[in-house]
Amino acid sequence: MSEFYRKPKEEIMNILGVSDGGLNDEEVLKQRGKYGFNELEEAKKKSAIQIFFDQFKDFLVIILLVAATISAFLGKLESTIVILIVVTINAILGTIQHIKAEQSLNSLKALSSPTAKVLRNGVKIEIPSREILVGDILYLDAGDYVSADGRVIETYSLQINESSLTGESESVNKEIETIDKDNITIGDRKNMVFSGSFVTYGRGVILVTDIGMKTEIGKIANLLESTKEKKTPLQVSLDNFGKKLAIAIIAISAVIFALDIFRGYPIIDSFMFAVALAVAAIPEALSSIVTIVLALGTQKLAKLNAIVRKLHAVESLGSISVICSDKTGTLTQNKMTVKKVFVDDRIINHDNLQYHKEIEKKLVIMALLCNDAVTTENKEIGDPTEVALVNLGEEYNLDELVVRKEHPRIAEIPFDSDRKLMSTVNKIDDKTLMITKGALDVLLSRSTSIETANGVKPLLEEHKKEIEDINRQLSTDGLRVLAFASKDVEENETINLDYEKDLCFIGLIAMMDPPREESKDAVANCISAGIKPVMITGDHKITASAIAKQIGILKNESEAMEGFELEKISDEELKSKVAEISVYARVSPEHKIRIVRAWQERGNVVAMTGDGVNDAPALKQADIGIAMGITGTEVAKDAAAMVLTDDNFSTIVKAISNGRSIYANIKNSIKFLLSGNTAGIISVIYASLTALPVPFAPVHLLFINLLTDSLPAIAIGLEPHNQNIMKEKPRDINVPILNKEFAIEVALEGFLIALGTIIAFHIGLSTGDNVVASTMAFSTLCLSRLFHGFNCRSKESIFRIGVFSNQFVWFSLIIGFLLLVAVLMINPLMQVFEVARLTLTQYGYICGLSVMPLVVVQLYKLIFIRK
Ligand code: ATP
């Protein structure tokens, strides 16, 4: 049915069986049955079985499988079986974690899935885009994604970016007239809109003609790749680390193997040493634990109203050193009330509003006409600035709908934040009047006359100065000032941007948008955390500075800069100046991208908020683009890495604080796993170099690495959020997690655990029974690693952060301990794990030696680490 562009609205409505009120409930059911949902089919998702087999593709697992095969050839069948069992358990755990992480990410995506505004049963409602049906009447505003194909039936300067379909980056002006041509390309179908494009300007009404796979994009797109999350920088660096580690292990194992053969040991024993070493070193649980901690972290952030759309954001949050935030709605409440009106050379206070003169009424009527907001008893729909004007009308007993009916709108030029103006053309009695409202500086420069109670006069320089003074006065109190002007036009003229000049200024309306209560504390929190908060706003410099001062962003007037000043300086100059500027006023979205870049070039990690369609490039340029969930457009949300469901600046600060914790917890988990493995490696190498028997069977090490170590690692990842983390400076994003300092700590703590293990091994060897010795070495290694979980909870001593403040670690200790007891005491298990029954004294040694690293590390932290 691609010929809809040739048909007029009425004919299409007939074909689709739609009435002016849109689809009704009955038709919705019918259409749903006929067309289904508006979605593109996704490529088939991987099944659980596929995910399970994917786990065996891991390089380290492959090494284990090779070891298992060689063991089998050498006749060590028990080892082979145990390795296979453990690798299988590992794969099952990996599969469960993969599916869980995917589910949690999908549920996050569902939270920020797109919506659409449609007319159903005669009422405009918002529905999830997937519920759009053929025949729906769809409303499009600037910043909306077009989520179905349709015929344009009304347009108010509607412009659409169709680059995803046509490759053309310029926006297309949409029209309603039929096009009487054959087979024209998508780009030429000016009276149609297509799914996958977005509204860059204006607004329009669409009659939906095709949905889902029937849309043009559905026809050309191959099946969508199933939503696949790219690996985060941390995951990538861990993968690389894993690969390097594997190579190192193979090399060391080979050397040890060669050394033993050279010494004349039997091949089997030498090989078992090499296998034990490989198994000891491979941190099997590492990557799945990082994934699971990241996934749990995103869930926690979602509860705090920050929806993470790109997983890498969770990691970068902790490195943010600059937050560039919008003012209106993010730092302020976005609840505006008119405080003052300036007209006919006098300022009228809010508590004294009445018809002083006819001209005052005229200004208020203009404010209601050049306005799209509607209020009912319990609902306010529309831009808060315009809602405030509607409420002002109520004070004058003027109902917006009545006024708008009396003076119908003929045309409009929508508001946009680049131009900072909005105009409508209305019929007023027998005249046709264009009403323009917007930022005073812009509007005044386009005005040539002024309306007073005594008629229209030319606008002289002295008038301009006086009005600017009034504006300054109002702005200094933190009021947001809107200016109003008008112009007579011919009834049938089609107006465009060129008409917004030679205006007749009439007055100002000043409104208050108080800062959010939490903003002040959040700003203070930022500053103490070494993060620079920057306000970027389209509002007037004086208003912005007044609010910025109240909440602590700005100390000195010289820290504020205006958009036009920004335009005058080069990128280089901006880079050198940017650190001194805390407030950017009267900026347009293009300026935002320069500000982000300037900060980034100074080596900062920048978060930037945005809501409009023009903010998308800056949101993408920022290290973390943050879109507003309530007021943000779909395009902005799509470009962002994070969406705030409450539009609140303090949520960003909370997210950063939690992001820092999540990163610290991941780092601690990794440290726990690697230090434990280091202990295993040191013990094996020690035994090999000193010509002692192998201290552990591979199964011992697999038991520890996979079972008893996994739980504490996750428990450490769940360490509660510590407020002190906001007293530190942001983490340097260029310093890798596995740096020298970290490696030294891992090595030292690993050495301590190895020391206890080796002593236990020697005590065991002194009985003359190698099985007793290896049982003691294994038990000590296992138990001390469980205790070591407490050491890895924080940089600080557990006595400072609270011994019981992370119950998960206690829980993991108890479970791990019970598992160990089971292996040591229950007969069939004892055989599988090749352990001997020990004496009470020997158990005593194991416990004592296992607690040793905990005691030493805690004493060290108590004495040397003071916060
Ligand atoms: P922020 O950028 O912090 O969200 P803002 O809402 O002031 O702040 P814009 O929406 O870009 O930024 O508005 C810029 C200016 O345009 C405002 O200061 C005001 O003068 C004017 N303005 C805002 N809304 C409207 C509107 N609906 N109609 C006409 N002019 C408007």
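Note: Cβ is positioned from N, Cα and C throughout, glycine not excepted.
Note that the structure is a prediction, hence the values are computed from the model and not measured.
Model confidence over the domain 'Cation-transporting P-type ATPase N-terminal' (3-76) stands at 83, taken as the mean pLDDT rounded to a whole number. For 3-76, the entry in TrEMBL reads domain 'Cation-transporting P-type ATPase N-terminal'.
Within its own chain, the transmembrane segment (56-75) has Cβ neighbours under 8 Å at 83-84, 87, 90-91, 242-243, 245-246, 249-250, 267-268, 271, 275, 278-279, 282-284, 287, 698, counting only residues six or more beyond its boundaries. Positions annotated as transmembrane segment by TrEMBL: 56-75 (among others).
Annotated transmembrane segment per TrEMBL: 81-99 (among others), in sequence order.
Positions annotated as transmembrane segment by TrEMBL: 245-265 (among others).
Away from its own ends, the transmembrane segment (271-296) comes close to residues 58, 60-61, 63-64, 67, 70-71, 74, 76, 79, 83, 90, 93-94, 97-98, 100-101, 104-105, 232, 234-235, 238-239, 242, 245-246, 248-250, 252-254, 256-257, 260, 311, 314-315, 662, 665-666, 669-670, 673-674, 677, 680-681, 683-685, 687-688, 694-698, 701-702, 705-706, 709-710, 713-714, 717-718 of its chain (Cβ-Cβ under 8 Å, at least six residues beyond either end). The transmembrane segment feature in TrEMBL is assigned to 271-296 (among others).
Residues or ranges marked as transmembrane segment by TrEMBL: 670-689 (among others). Here the transmembrane segment (670-689) has Cβ contacts under 8 Å with residues 238, 252, 256, 259-260, 273, 276-277, 280-283, 285-286, 289-290, 695-696, 701, 704-705, 709, 712-713, 716, 737-738, 742, 745-747, 749-754, 757-758, 761, 777, 781, 784-785, 788-789, 792 of the same chain, all six or more residues outside its ends.
Annotation comment: TrEMBL describes 701-721 (among others) as transmembrane segment.
According to TrEMBL, the transmembrane segment annotation covers 742-765 (among others). Listed as Cβ neighbours of the transmembrane segment (742-765) (distance under 8 Å, sequence separation of 6 or more from its ends, same chain) are residues 667, 671, 674-683, 686-687, 692-693, 695, 772-777, 779-781, 784-785, 788, 791, 842, 845-846, 849-850, 852-853, 856-857.
Here TrEMBL flags 808-830 (among others) as transmembrane segment. Long-range contacts of the transmembrane segment (808-830) within the same chain, counting only residues at least 6 positions beyond its ends with a Cβ under 8 Å from a Cβ of the stretch, are 703, 707-709, 711-712, 714-716, 718, 775, 779, 782-783, 786-787, 789-790, 793, 836-838.
Taken from TrEMBL, the feature transmembrane segment applies to 842-863 (among others).
Away from its own ends, the transmembrane segment (245-265) comes close to residues 59-60, 63, 271, 273-275, 277-278, 281-283, 685, 688, 691 of its chain (Cβ-Cβ under 8 Å, at least six residues beyond either end). Nonlocal intrachain contacts for the transmembrane segment (81-99), taken as residues 6+ away from its ends with a CB within less than 8 angstroms of a stretch CB, comprise 48, 51-56, 61, 64-65, 67-68, 71, 279, 284-285, 288, 291-292, 698-699, 702-703, 706-707, 710, 832.
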